[in-house]
Amino acid sequence: MTSGSHELTSPCPLAIDHQKRTTPRLRPPPPADPSPLFPSFTLEEGGGVLLDRPGFTAPPAKSLSGAMNPYDLRFADPSSYHDRRSDLAVAPMLPVPAASNSYAAPYQPAPAAPTGGDYSRFGQGGRGRGGGGWSGRGGGGGGYGGGGYGGGGYGGGGRGGRGRDGLDTLALSKPDFHNLIPFEKNFYVESPSVQAMSETEVSQYRRLKDITVEGHDVPKPVRYFQEANFPDYCMQAIAKAGFVEPTPIQSQGWPMALKGRDLIGIAQTGSGKTLSYLLPGLVHVGAQPPLGPGDGPVVLILAPTRELAVQIQEESNKFGSYSRTRSTCVYGGAPKGPQIRDLRRGVEIVIATPGRLIDMLEAGHTNLRRVTYLVLDEADRMLDMGFEPQIRKIIAQIRPDRQTLYWSATWPREVESLARQFLQNPYKVIIGSPDLKANHSIQQIVEVISDHEKYPRLSKLLSDLMDGSRILIFFQTKKDCDKITRQLRMDGWPALSIHGDKAQSERDYVLAEFKSGKSPIMAATDVAARGLDVKDIKCVINYDFPTTIEDYIHRIGRTGRAGATGTAFTFFTHANAKFSRNLVKILREAGQDVNPALDSMSKSANSMGGGNFRSRGRGGFGNRGYKSGSNSFHSGGRRPY
């Protein structure tokens, strides 16, 4: 409505009279005793609203519209809706701000949705397309695929968000590393029994435990927990955990880490490397000044997956409780509120995935100025997942004289290159061979079958193996993981599934059920292949062969942990022939029997040029908002096991 005019235009399709009027319509006068909760009002000629209650004058309609949108403005009078529905010849109407006149036509074409190209930091949008992909979490606009329902790629689904490219281009302020306050990081006191070891005894022990070391002034290994000279609270936690003796990586890794030098540790999964850096980290925290207001953590542990990060925190809570060391876990797929609360309260140890940590740094919820002990766990996995830019960005926020511990299961060229850039004069300890090999305590059985034979064979294996022990089944795709889980439940097997599309709450529930033994069969994709630390997994079944030999090693490494034995069954089809040559090498190195059909296939692959060990082009996790429903499918009659 323009100034000095009473011309109204109503966008309301419910209005009885849509014609243009030159005089505002006034409703009948209010009753003698109006309700005190709903005072009536009339229009003033100048556009103001006069309340019938004495002493009150509402602001002009322009001000009223500033607090309401045009749609809500029509119902500002509680009686107006009832009046419109009455038999009155004329329905009451309220003035509509001029700013909303452009929306008067009720059926104008909808504005064109922005496409992903309009937002350089976001994933590609577009109607019907899974906006985002690897570099866009959920897309940055568009129709159903872009920022709405579709999602797609790493971290997609649901609402659009900042993708991995957004994290790459995000500029964090460069900290000032001048005038740094010195800190203590050498806490190792060699015990008399270790000092008494001759070089011959040290060499024999390392040879017995398959330990290889590199570096200047390498400390001798410790053979017993008491020789590490940990504080009493660490020894109490070790005694309560029931450990008998250090694992090889702990035996050599503890003295190295306690001396305050940078460290490269290469060991297979299940070797006890978590405690190799966690206990020295607790000692490190205890020697630093207490946290002050606004201080960030002292120890930062980076992990590639949510599952691994959560399991590291469980160990940190268990061992840190004896020294009242606080820790928190910061990872995507979970609400930020509790994580922000912990960071603002102050914690000495932060375990984080790179993406969520950068989110927290950018938002100012924490800082890394106090970090003097940095751990990169499963560095090879983080590089495979494309986290190198995020790792560089995070390390740039940490003081250069920190202590850095770099852990990996393999030692490819890219992992070594990154270590050379971030570590200074490091020790290096290798358990076993740096070349890829399987745990020798795992019996590996490879069966060459066709795709349609897989499920009958799986059912037969479960019938033979199921006695209440935990069985882990790996699939290559999320779709097959859910489909086979539903079929297993229909057949009466206590199975649940886990993969990257599951909500974090559902993943936590499935892992809890699997660990407790209530659902001893778990189907999974490679999202659970690393970092999954569940005791007493009797058997691993590779329903589908993975896309790399490394993933095969890490899959079967879920069994046979901490010195126990285990069994791994693998269904191998002719579509997997390119992996046959390297698979045969793995089997023979571990002293396993080789299936004649697989051996024949590998010889054919040799003549045609088989696949290489590493293949970096794995896909993302997909839409995290998608729920398969496989875990809620009612199972059939429960099988006795």
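Note: Cβ is positioned from N, Cα and C throughout, glycine not excepted.
Keep in mind it's a predicted model, so treat the numbers as computed, not measured.
Here TrEMBL flags 1-44, 599-641 as region 'Disordered'. The compositional bias 'Pro residues' annotation in TrEMBL covers 26-37. Among the features that TrEMBL reports, domain 'DEAD-box RNA helicase Q' is placed at 223-251. Residues or ranges marked as motif 'Q motif' by TrEMBL: 223-251. Annotation source TrEMBL lists domain 'Helicase ATP-binding' at 254-429. Annotation comment: TrEMBL describes 457-602 as domain 'Helicase C-terminal'. If you look up TrEMBL, you'll see 608-623 marked as compositional bias 'Gly residues'.
Through the fold, the domain 'DEAD-box RNA helicase Q' (223-251) approaches residues 188-191, 193-194, 205, 209-211, 258, 265, 267, 271-273, 275-276, 279, 282-283, 286, 318-319, 321-323, 429, 431, 562 of its own chain, all at least 6 residues removed from its boundaries and within a Cβ separation under 8 Å. DSSP labels the residues of the motif 'Q motif' (223-251) in these numbers: 18 helix, 0 strand, 11 coil. Per-residue pLDDT, averaged across the domain 'Helicase ATP-binding' (254-429), gives 93.
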